[in-house]
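Annotated features in Swiss-Prot:
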| type | residues | note |
| --- | --- | --- |
| BINDING | 126, 127, 139, 148 | NAD(+) binding site |
| BINDING | 181, 244, 261 | Zn(2+) binding site |
């Protein structure tokens, strides 16, 4: 049972990767817990709710359904659920279990962060992307029309319970979207993981348990280490944004309806690699290898009709923009990235145009 400690000033907790761990959920509820509220979506509960329902047998709990889709990741649904919690008798002894993909873990965590100034949350991610990224590290929030995750809070969970078995029924498109986040981990910090993804592509795409468990565990370990060293994105944690600055602009431009988050990140990594090469940070040889890896786990959906000019305008609204300067995470070599600001707009524009081609 791989278990990785996430150590932050707010809380120390475990991110556990184990098949069947959902069945042990009751062990992670604090003593004297009041009402338990499971934040999920109707679709997740219908297709993947059985393990958690069985695990909570004998424990009274309430289901709170969020609307599905990145375009619904807004403040209004969170407010509606908070009102519903009050009507159902929630108080400061209550807790939230966020059970779903990255949208649910973000919104469920945010609900827990702001309800009565903060109640506990247990994260149980049910998509690959949420398991290796979104559920770990305490980032919670919702989108604005202007950009992604512009309203949010850091709220560390009691634990993160990652059960690879829950992915057996995950749609192929969702699975591949999560794989791109794992590729990100390989590019920014984990050379051995990058090599494994290259050598074991067939096993990974076939979802062979040994391969899936390995890539999840390695990604969770990396994320736990980075968050433990830098909870609030002061320095080290910025490397996790590789592909996200460009990707968030693409998501906003498409009104959060056209792409899954992992697909936008895959395109964003392409743009960052092109920018890294044009600015001299990464060699052409490493650039080719990274781009090929992204392509091998593709395809990225068609981006026909997207204009680089519009994406450039979106970049200034990214939450990583400081004093008008956009910060880019660019590759140096496989396993290493750097944070750069002050890059001239024409270079950024050309990188995005190349990535759109």
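Glycine residues also receive a Cβ, built from the backbone N, Cα and C atoms like all the rest.
The structure, with features from Swiss-Prot marked on it.
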{"residue": "126", "record": "NAD(+) binding site", "Cβ within 10 Å": "31"}
{"residue": "127", "record": "NAD(+) binding site", "Cβ within 10 Å": "29"}
{"residue": "139", "record": "NAD(+) binding site", "Cβ within 10 Å": "24"}
{"residue": "148", "record": "NAD(+) binding site", "Cβ within 10 Å": "25"}
{"residue": "181", "record": "Zn(2+) binding site", "Cβ within 10 Å": "26"}
{"residue": "244", "record": "Zn(2+) binding site", "Cβ within 10 Å": "26"}
{"residue": "261", "record": "Zn(2+) binding site", "Cβ within 10 Å": "28"}
Review point. Relative to the mean position of the Cβ atoms of 181, 244, 261, the recorded Zn(2+) site, which additional same-chain residues have Cβ within 8 Å?
Key: 102, 129, 133, 134, 180, 184, 243, 247, 262, 264, 265, 268
Practice item. To the nearest whole angstrom, state the Cα distance for the pair residue 181 (Zn(2+) binding site) and residue 148 (NAD(+) binding site). Key: 17
Review point. How far is it from residue 126 (NAD(+) binding site) to residue 261 (Zn(2+) binding site), counting Cα to Cα, in Å?
Key: 15
Review point. C-alpha of residue 127 (NAD(+) binding site) to C-alpha of residue 261 (Zn(2+) binding site): distance in Å?
Key: 12
